[in-house]
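K.L.:
According to TrEMBL, the transmembrane segment annotation covers A:6-25, A:98-120, A:151-168, A:214-235, A:247-268, A:280-302, A:314-331, A:343-365, A:377-396, A:425-444, A:456-481, A:509-530 (among others). Under the heading domain 'Cytochrome oxidase subunit I profile', TrEMBL lists A:280-555.
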Amino acid sequence: MNTLTILLLTFILSVTGLFVFVWSLRKNLFDDNPSAANVIFSEGEIGTIEEPAATAQQHKALQHAVDATHAPIADVSRDARMRLELADRIEADRSTAYVTFVFLACAVAWLILASVAGLISSIKLHEPDFLAQYAWLTFGRIRTLHLNSVAYGWAPMAAFGIAIWTLPRLLKTPLMGARFALLGAMLWNAALIAGLGSIAVGISDGLEWLEIPWQIDVLFVIGGALIGLPMVFTLQNRKVQHLYVSIWYMGAALFWFPILFLIGNIPGLHFGVEQATMNWWFGHNVLGLFYTPVALATVYYFLPKIIGRPIQSYNLSLLGFWALAFFYGQVGGHHLIGGPVPAWLVTLSIVQSVMMVVPVLAFSVNQHMTMRHHFKTLIYSPTLRFIVLGGMMYTLSSVQGSMEALRSVNTVTHFTHFTVAHAHLGLYAFFSLVMFGAIYFVMPRVMSWEWPYPRLIALHFWLVVLGFGIYFVGLTIGGWLQGVAMLDASRSFMESVQLTMPYLQSRSVGGALMTLGHLVFAVHFGAMALRYGPKRVGPALFHKPVTAGAALAEA
Amino acid sequence: MESEYKLLGGAMVTLALATATLVVLPYMQLADVPPSEGLEPYTSQQLRGREVYIKNGCVYCHTQQPRAQAQAPDFKRGWGRAPVAGDYFYDKPHLLGTMRTGPDLLNIGARQPSADWHLGHLYQPRAYTPGSNMPSYPFLFDIKEKAESGDKVVALPPEYAPVGEQVVAKPEALDLVAYLLALDRTYPVNPLPDGTK
C-alpha cells in the first residue's frame, strides 16, 4: 500500500470515528446507569449484596461496607414484590443446579490434570533427563497434554458451567432442555479423553492448539452443539425484554467458538504458510473470542451482584463489546511477525492488536469506577477478591499484548519464554482467577450448602497469587534476557539457553505453588460435594431484607 | 440491545471479517504459489521422519522460519536466509513454530549434515552440546549386547555410551534423522514482486 492510500484511509476512519462520537453523544450513550444496567437486580435490590461464598460474619461486614456509601431505604410493600421476583431466581437456580455441578466438577478434575502436566513440563525444561525414558512423558507431548487439558478441559468446562448457571438468572426463566447439555458434556469429555490419549501415544494433527486429530474433533462439535441447545431454548423463553451485557458476551462467544473450531479443523483444506495464518487466527481467537468474552461476562454479572450496585457505565460496556468483537478477531497475525507470510497481514494484525486498547480501557475504566468507594468489600468477599484481581489482570495482559505486537518489542520477545509468561497472564491470572471466583459464588447456590472450610478459600487465593507472581516475574525477566541474547550475534545461541535456567527453575517453584493451590481448591470442592460442613441456610441468606437487617446477623 | 438476532448478526459479521483477512485472503493470495526452484518433494522416509518430529512435539521448541537479516542475526548464526512461501510447498502440516528454546531448524540439514551426529545427539544431547536442555530420546533407540547385521549402531562419546552394550537406532530415529537432513532451503530465491516475503 502506498502512503497516499494510507493517509486517505486514516482520514476516512477519523471522520467516521468523529461521526460515531457525535452520534453517541446525541443518543446519550455516555450517561451513567441507563436502566439496562439494573436488569440483573430485582426491584429495590440495589444496595443489597449477594455473596454465597462468604461466612455469616463476612456477609455482615460486606453489607456494612456497602451500606456505608449507599444506605438503602426501607419499604415494606416493595420488599413483598421483591420476594416474588426472588422466588423466580431461586427457581432459575434450581433448574441449573445439577447441570452446573456436572460441568464444574469436570472442570476441577481437568484443572488438576492440567496442573500436574504443566508442572512436569516445567521441570523438564531445566532437568531435561527427568522422566525421559517414557515416550508419552517427553516434553513435546506432556506440554501438549497440559495445553489441551487447559484449552479443552478446564477452561471450557468452567466457562460452560458458569454460563449455564448465569443465563437463566439473566433471562429470569428456568433452564430449558438441561438434558441436552448433560449429553453434550458426556460427549465433550469423552472426546477430550480420546484426544489426550491420542496425543500421549503420538497421534497428532501437528498444529499448535489443534493437535487433537480431526476425527475426534467431530465429537467435540456434536458435544458443543448439544451444550449450546439449552442456552438457545432458554433465550427463546426469556422473561426479560432487555438482554444484559453479560448475555452479549456469552451468547456471542458460544457462537464464535464452534465456527472457529470447525474451520480450523477441516482436514485437507489448509496448506503451507496459509495454514500458519489460519493456525494463529484460530489460536488467538480461542482466547479472544471464547475465553475472554465468557470471563468478561462473568465479571459484568458477579461484580455488580456482589456489591449490590449496577456497573458504572452500561454503554461503555457495550462499546467494549463491539470493539472487542471487531478488533480481537484480526490480531492473530502478530504471531507471525518476521515470518514468511504476506506483509500486509502482519501489519493489519499489529494495528488491530494496538486498537485492542479501546475495549480494554472501556472495561478497565468501568470496573474501576464501579468498584470505586467499594474496595473495602474485597476484604470480606472471597469471590470478589478473585474476580476483581482477575479483571485487573485482563487490563495488564491486554496492554502487554498490544505492546508485544509492536515490531520492535516483538523482535525481542517472539520465540522466547516472555510469550509463555504473557499467555499465562491472560489465561491464568485473568480467565482462571475469574472462574475461581465465580465457582466460589455459584457452588453454595448449586449445592444449597456452605463452603465447609472458608479458610481454604483464602489459602487457595494466596497460594495461586504468590505462585503466579513468582511464575510471571521470573519468566518475564528470563524471557526478555533470552530474547536480547538471541539478537546479539556475538553471543552464542547456547548462552541464550543457559541464562534462562534460574528463571525456568523459578517457574517450577511458582507452578508448584499454583498446583498446590489447585489441590486445596479441589479438596475443598470435593468436601463440599460430599456435604462436609454446615448446611446452607437456604434462600434466607439470599439477600438481606431491608427491614430485617438484624435477623441476618443471627442467621 | 433487545434483539438476539441483531447481536448474533453483528457478532457473525465481525468474525467473518476476521476470517476473511486472516484465512480467506491468504488462501487466495498463496494458493497459486509454486514450489521454490530447488525445493525437492520429501521422500517417503523423510515424510515418516516428519511424523516422528510431529509426534514428539519438536515444533514446541524449534522454529522453521529464520528471520530476515534486517530484523535478527539468524543468518549470521548460520540458520539461513529468510524463507518465502514457496519454501513450504510440501509442508503439510506447517511446522513454523513459535519458540526457540532450541535453534531454528529450517536449514539444519545443511548446517549439520552428519547423520551420526544427529543420532548421537538425539540419544543424549548433552554428549554433544554441554548445557543443552533438549530432552534425550532413549525410547527411539534399543540397547543391545551385540548389534545384529543391518543395525545402525550409534557412535557415542565413551563417557555417554552404556558399558559393554551397544546403542542401536530404531527405524523412527533413522526416519527422523532423514527428515532433519532434508531440511535444507539454502538454494537462492527471488522475493515475490508484490511484497510477499
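Note: Cβ is positioned from N, Cα and C throughout, glycine not excepted.
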K.L.:
Could you tell me the mean pLDDT the prediction assigns to the domain 'Cytochrome oxidase subunit I profile' (A:280-555)?
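P.N.:
A mean pLDDT of 90 is what the model gives the domain 'Cytochrome oxidase subunit I profile' (A:280-555).
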K.L.:
Do at least three C-beta pairs under 8 angstroms join the transmembrane segment (A:425-444) to the transmembrane segment (A:509-530), pairs 6 or more apart in sequence?
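P.N.:
Counting Cβ pairs under 8 Å, at least 3, so yes.
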K.L.:
When you look at the transmembrane segment (A:151-168) alongside the transmembrane segment (A:280-302), do they share 3+ Cβ pairs under 8 Å, ignoring any pair fewer than 6 residues apart in sequence?
P.N.:
yes
K.L.:
Sort out the residues at least 6 away from either end of the transmembrane segment (A:151-168), same chain, that have Cβ-Cβ distances under 8 Å to it, and list them.
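P.N.:
Distant Cβ neighbours of the transmembrane segment (A:151-168) are 92-93, 95-96, 99-100, 102-104, 106-107, 109-111, 113-114, 174-175, 181, 185, 188-189, 192, 195, 209, 212, 220, 227, 230-231, 234-235, 246-247, 250, 253-254, 257, 286, 290-291, 294-295, 297-298, 301, 427, 431-432, 435, 438-439, 442, 445-446.
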K.L.:
Under 8 Å, at least three CB pairs between the transmembrane segment (A:98-120) and the transmembrane segment (A:343-365) (pairs 6 or more apart)?
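P.N.:
No, the transmembrane segment (A:98-120) does not contact the transmembrane segment (A:343-365).
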K.L.:
Count the CB pairs under 8 A between the transmembrane segment (A:456-481) and each of A:6-25, A:214-235, A:314-331, A:509-530, then give me the winner.
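P.N.:
Result: A:509-530.
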K.L.:
State the non-local partners of the transmembrane segment (A:6-25) in its own chain: residues 6+ outside its ends, Cβ under 8 Å from one of its Cβ atoms.
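P.N.:
Contacts with the transmembrane segment (A:6-25): 315.
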K.L.:
Sort out the residues at least 6 away from either end of the transmembrane segment (A:247-268), same chain, that have Cβ-Cβ distances under 8 Å to it, and list them.
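P.N.:
Answer is 156, 159, 163, 166-167, 170-171, 205, 207, 209-210, 214, 217, 220-221, 224-225, 228, 231, 235, 278-279, 281-282, 285-286, 289-290, 293-294, 296-297, 300, 318, 321, 325.
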